[in-house]
Every structure is written in structure tokens, then in C-alpha cells.
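Student: Before I ask anything, let me first share the structure, which is written out below as C-alpha cells.
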Amino acid sequence: MKSIVFVALFGLALLALVCSASEDAHKELLKEVVGAMVVDTTDAVQAEERECRWYLGGCSQDGDCCKHLQCHSNYEWCVWDGTFSK
């Protein structure tokens, strides 16, 4: 009877250890995924700043905006200029 209780407690301790290690690995994976997402977002913002501004992007003149967009005079963001051609 005593040995069964000892084995059960040992099994529970082992299970707790495995679950703890699994949780730590899960947290590390989550940190890596979030870090990759932040890097991708930063790269996208830098690419947008190097090229033309997309819809509702900040601007100071029409030349800052992409094709078929113009700089709104009051709010200083790129809006559609009303054209449909390619």
C-alpha cells in the first residue's frame, strides 16, 4: 500500500515536471512568433516609407502618394483621386 502511494506521488511529480517544461517551450515559441511578426511589420513600414504612400498614408504633396491617389489638403493623407484607368 505504501509503495503504491509512493509511485503515485512520484508519477504526479514527474507529470508536473513535464508539463512545466512544455509550458516553458510554448512560451519561447510564442515569443519567437511575436518577434517575427514585429520584424515583418517594421519591414513593411520601412518599405512603405521608401516608396509611395498607400491609401490613408501620411503625405505633404500629391507626389508622395501612389498612383490614383492624391494628398488631401486638410488632413494630409492619401485619398483616391477618382480615376479608374490603369
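Glycine is no exception: its Cβ is also placed from the backbone N, Cα and C atoms.
Note that the structure is a prediction, hence the values are computed from the model and not measured.
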Student: With Cys71 as one half of a disulfide in Swiss-Prot, pick the other half from Cys52, Cys59.
Tutor: Cys59
Student: Just choose from Cys19, Cys52 the cysteine that Swiss-Prot connects to Cys66 via a disulfide.
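Tutor: Going by Swiss-Prot, Cys66 is disulfide-bonded to Cys52.
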Student: Within 10 angstroms of the C-beta of Cys66 (disulfide bond), what count of other C-beta atoms is obtained when all protein chains are considered?
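Tutor: That number is 14.
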Student: How many neighbouring Cβ atoms, not counting its own, are there within 10 Å of the Cβ of Cys78 (disulfide bond)?
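Tutor: Result for Cys78 (disulfide bond): 23 other Cβ atoms within 10 Å.
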Student: Taking Cys52, Cys59, Cys71 as the disulfide-bonded residues to compare, which has the smallest set of other Cβ atoms within 10 Å?
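Tutor: It is Cys52 that, of the disulfide-bonded residues Cys52, Cys59, Cys71, has the fewest other Cβ atoms within 10 Å.
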Student: Looking only at DSSP and grouping its letters into three states, which state does Cys66 (disulfide bond) belong to?
Tutor: coil
Student: Just to confirm: which same-chain residues, 6+ apart in sequence, have a Cβ under 8 Å from the Cβ of Cys65 (disulfide bond)?
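Tutor: Non-local contacts for Cys65 (disulfide bond): Cys52, Arg53, Gly57, Cys59, Cys71, Cys78.
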